[in-house]
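If you look up TrEMBL, you'll see 20-108, 132-220, 244-331, 355-443 marked as domain 'PPIase FKBP-type'. Among the features that TrEMBL reports, domain 'EF-hand' is placed at 454-489, 499-534. What TrEMBL lists as region 'Disordered' is 511-538.
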Amino acid sequence: ELGVERRFVPESCPRAVRPGDFVRYHYLGAFPDGTRFDSSYDRGSTFNVFVGKGQLIAGMDQALVGMCVNERRYVKIPPKLAYGSEGVPGVIPPNAVLHFDVLLIDLWNSEDEVQIQTYFKPEKCPRTVEVSDFVRYHYNGTFLDGTLFDSSHNRMRTYDTYVGIGWLIPGMDQGLLGMCVGEKRIITIPPFLAYGEDGDGKEIPGQASLVFDVVLLDLHNPKDGIAIENQLVPESCERRSQTGDFLRYHYNGTLLDGTLFDSSYSRNRTYDTYVGKGYVIAGMDEGLLGVCTGEKRRIIIPPHLGYGEEGRGKIPGSAVLVFDIHVVDFHNPSDSVSITVHYKPSNCTVLSKKGDYLKYHYNASLLDGTLLDSTHSLGKTYNIVLGSGQVVLGMDMGLQDMCVGERRTVVIPPHLGYGEDGVEGEVPGSAVLVFDIELLELVSGLPEGYMFVWNGEVSPNLFEEIDQNHDGEVLLEEFSEYIQTQVETGKGKLAPGFDFEKIVKNMFTNQDRDGNGKVTAEEFKLKDQEAKEEHDEL
């Protein structure tokens, strides 16, 4: 009788040999005394055959039925189920009992199809693989017995290919269809949908079933454009970005599987660029159009609008990119100062002009609302002479034509503010500034070019009045004391907002033509004559 001893049975046996199946197995053939007459191991290849179709001796045809892949059986075959009374001349004597130690390596049927077992699927699956899509995936490739023949993980590089157009073996073309990014599945492929009778000539033998453990990392189609997902759009959006605008934004850049490759947040600095002019990748150029300040959006960029087949740095070739952006501000180089008046007193007759001395409170912030500075927190006003360069040009413009008590918001583009460099530790480069201003006091200035004016008629004996000791020379001390007296008695007025000593010294230097530290009557008169012609301060 046929004897079958199951020496090893794997815990998992999803499928057992049935008549009509094709099997690949290793064996050792010996006589009862232990003498070996044949071995597949010696030939370095499995024995490949259909079961139950008369291609084997009857005893082996029967013994293989019910076996699992990786099962090991010890088979005793009597002569009547082997080579009988004739034997095989020179190899197997007549009426020989044969012993076979059999290990099943592979099993398939000509009616098999690709088998797919999904063992992980993301909760969100907005898109699945279709014919003509381009995918990037990792895989481990094994035979049915678990022997590894290839792995993209070992090469530390994804396998990148089109699906459904013949770039892959047919079984893999089928097995990848319908996958989501992040999905993990086991794809089992019979040899007639893989490398067939000949194998690949390298690691894969002929008639081998293949098992691929696949995780899909990326997916796109060459016809794809960018995709935009709005995550947060401010209720108030007075302006949207256009071609030529300059944007400052934060971003996290990831691959489709969530792998982070870059982040502006980690550098603690926004990414600043022009939009629509080719300064950034084409997909980002497009994705940044139409945004509001404060908006958050996700921009998904296919590789042909990103870094293409070659990739860049941490970005692999043919990678879909996902940017989660937060727009901090934007402006256009043609922008001027924007003024919004919130309150204006009814008796608004005196308006600020160049040369006026102003005292005002302000809150300074960025467009996204980040507070930069506030005079309220300091408990004192900010005091300037309007138009004298004591503040940025945009503020000089924004404070014009204002009356005491008025409140306004002044928005200043960076080219009229602190420019590309900003103020280290205080104002970012290329930042749009927002000032909420309240004018508290206005002291009218002098006509342009004047630092001192008389409130009445000028004395015809002006030099003699200044020269108190009547020595024909006026020193700085005498000059300073005289001017101070005129201001205190209301006869003269100095330009407001400037240091008294500096103004007086400047006036004295203008009169001291020879630079000897003294002003004579001749110099004074000569200078007095020039003053009448050139509108000098005296």
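For all residues, glycine too, the Cβ spot is worked out from N, Cα and C.
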Residues in the domain 'PPIase FKBP-type' (244-331) grouped by DSSP into helix, strand and remaining coil: 13 helix, 37 strand, 38 coil
Taken over the domain 'PPIase FKBP-type' (20-108), the model's mean pLDDT: 96
Top Cβ-contact partner of the domain 'PPIase FKBP-type' (20-108) among 132-220, 355-443, 454-489 (pairs under 8 Å): 132-220
